Amino acid sequence: MDTKANLLIRKGRVIDPASGRDDVADLLVEGGRLVRVGASLDAPGAEIMEAEGLWVIPGLVDSCVHLSLPGEGPWAGDVASECRAAAGGGITHMAVQPDCGPVDSTAVVRLIREQAGQANFARALPVAALTQGLAGEHLAEMQTLAQAGCIAVGQAGAPLADSLTLKRCLEYAATFDLLVLFRPEDASLTAGGCAHDGAVAARLGLPGIPAVAESVALSRDLLLVEATGVRAHFQQISSRHSLALIREAKRRGLPVTADVSIHHLLLDESALEGFNSHCHVMPPLRTARDRQALLDAVADGTLDAICSKHQPLGSFSKAAPFPSTRPGISGLDTLLPLVLKLVREEALPLHRALDAVTAAPARCLGIPAGQLETGRMANLTVVAPDEQRVMSERWLSGGRNSPWFNTLLPGSVRRTVCNGEVSWLAG
Amino acid sequence: MTLAPPSSRVQLTDDGKLRHFLSVEHLSRPLLEDILDTAAGFVDVGGRAIKKVPLLRGKTVVNLFFESSTRTRSTFELAAKRLSADVLTLDIAKSATSKGETLLDTLRNLEAMAADMFVVRHQDSGAPFFIAEQVTPRVAVINAGDGRHAHPTQAMLDMYTIRHYKGGFEGLKVAIVGDILHSRVARSQIHALNILGAEEVRVIAPRTLLPADADALGATVFTDMVQGIEDVDVVIMLRLQRERMDSALLPSEGEFFRLYGLTNEKLGHAKPDAIVMHPGPINRGVEIASEVADGPRSVILNQVTFGIAVRMAVMSMAISGQESLDAAQEDDHGH
């Protein structure tokens, strides 16, 4: 059965950050392929969607989601359920972090692709483990995993403490020109902490994680990137001190990109008042000054992309005193709404904000996505940017662990087209 | 829109009465004074032939100690008994949670025993807040120490002691010395002293025993003992745990004592009538010299006596706050 879309989207505001296009136009999808964008298109037999007042944007690319295989660990939902949540959130591509499984064998890669394929809502692109079992001791079969479909290699939330092992991992990855994802963190400086080591943690008596836990590791990682020549993408930069290091690396021409999680752009350490465990995340929410510096860094491109850092957790994971709760926010449902909120509040310029969740992360990950390019399979999202809705009324992720679960946010996704097929249609 | 800070929203009734006692932070000066005045009425009870008042008769108080403690637990037990409550003490550190039961499951089980009050000590900062949010509305929660966050009854008994010896808080300079980083007692004392109108609160410690952004605590930070103690009216010494040497926070007990231990010589820099306090149990020769601990300025033993009265005050006030809630609800249903 041919499920590829034949669809004419009429009179929407078409915004494509990659090409700089921003105008009211019609957009025609035939056989799943985006064939034309222009004025007053005609397409006999195609389904017509009137999009006046709506925005038509590329399908979102999420550079960091944590998913699980069915029955795995403390996680809520699985690959299939979270792919559906992604589609409902306007996301068409997501980089599945290697702690799913973990991704250190082709069997797990096949399983993830199979689960995602059956669901057919969003492309779940696995990131391979850098070391076997993410244990930080033996190299994983990175090239085999890349050939099986992994788009990059990384250590998820288990950064390598041993610099020699890391250097060898990077040399091996560089041999095959694999992209390496880093979440810079010095485990000895993080140990035992659950909140930014600042004024709020001092008052609440929460064990702290200093900003240098990130920047010390980032410095080492950047030096090893330079020494090995490997392509690197840094994930979830949280501290302003790290930004100077990223800027300097880019200025010197190192093959380096970086992202930030959406919650670090909206919240700071003050969100922890009252021991709100929904704001327990890793890396921790830092100061108001850090938050502003991160916004500025997204605006000027130092931080290329914004990700959801999706971590869907079962309710029991947060039903404990703050330090004993599991860190993480379920972010697929709120990524686009929160980006639109930042744009409405003029915290970020529109085109850069949309670029940071579409073309920029696709570029960071080296995947062909995140733009409205004619001739290719369509990946797009139609959204009512000003329509406010209570998030809990249509929450799709299996994890409800979010500080925004019961709040009103702008941006209701009306339709998502993923790889030429309609993956989400608002009822 | 300005909301009340989360800590006061949880622990007060709508008309500002205490219903839980979780943290001193954000409470009002009149409320803290009310606690001290109520405690004053209970101090004599310990001297009577029959050491009981019937304020909590028919009520069940459950002591939930997730972290072991002898002193705090026994003073809470005694306070509840002098108020005529039925008391059950559970040393959970050694029972339920070690069998894998979650904190929530433990709470549900205890609620089924129709308790009226939980007195909670827990190693996690914020645990009593979590418990207060989870328990049925009729149960009052008293914080008997959570992680590094707060130990509000200890702070209030210290305030009682200071008021007893100094007559009040106006114009007072108070120095808190030692392991500020890990001290829930210090955090609660600083809040209480600031609310009650002390002139200056100082903390004195090496950088490894101070939190990052120590200024946020509401105290002036000193790293030099002699400078910090200069001209103060009250010196509060904190207990130094042996583990601090193992985690590379200090080189040795000897160096700590030489630099930060309270001796008569260092005490000479404080006001001539300065008093010396310590939440106990003391480490002689580590944070305090015997000559000071047993000397004329030390009020350490009196702190213990006042502790029972202050805990009786807080417990009776929280129960009466809960009862006023019940009465209000019955009113609502009646109309």
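Placement of Cβ uses the backbone N, Cα and C atoms for every residue, glycine included.
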Joining B:R71, B:T72, B:H151, B:Q154, B:G280, B:P281 at the carbamoyl phosphate site recorded in TrEMBL, out of B:R48, B:R121, B:R258, is B:R121
Chain A interface subset of binding-site residues B:R184, B:R239, B:G280, CB distance under 8 A, sequence order, none if empty, is B:R184
Reading the DSSP string in three states, the entry for B:R121 (carbamoyl phosphate binding site) is strand
Averaging the pLDDT values of the domain 'Aspartate/ornithine carbamoyltransferase carbamoyl-P binding' (B:19-163) gives 90
In this structure, the one of the binding-site residues B:H151, B:R184, B:R239 whose CB has the fewest other CB atoms within 10 Å is B:R239
Record-listed carbamoyl phosphate binders B:R71, B:T72, B:R121, B:H151, B:Q154, B:G280, B:P281 have a maximum CA to CA distance, in Å, of 17
By the 10 Å Cβ-neighbour count, the most surrounded of the binding-site residues B:T72, B:Q154 is B:Q154
Apart from the site residues B:R71, B:T72, B:R121, B:H151, B:Q154, B:G280, B:P281, the 8 Å Cβ neighbourhood of the carbamoyl phosphate centroid comprises B:S69, B:T75, B:A144, B:G145, B:V185, B:P279
Note: in the chain of B:R71 (carbamoyl phosphate binding site), residues six or more apart in sequence with C-beta under 8 angstroms of its C-beta are B:G280, B:P281, B:V304
By the 10 Å Cβ-neighbour count, the most surrounded of the binding-site residues B:G280, B:P281 is B:G280
Expressed in Å to no decimal places, the gap between the Cα atoms of B:Q154 (carbamoyl phosphate binding site) and B:R184 (L-aspartate binding site) is 9
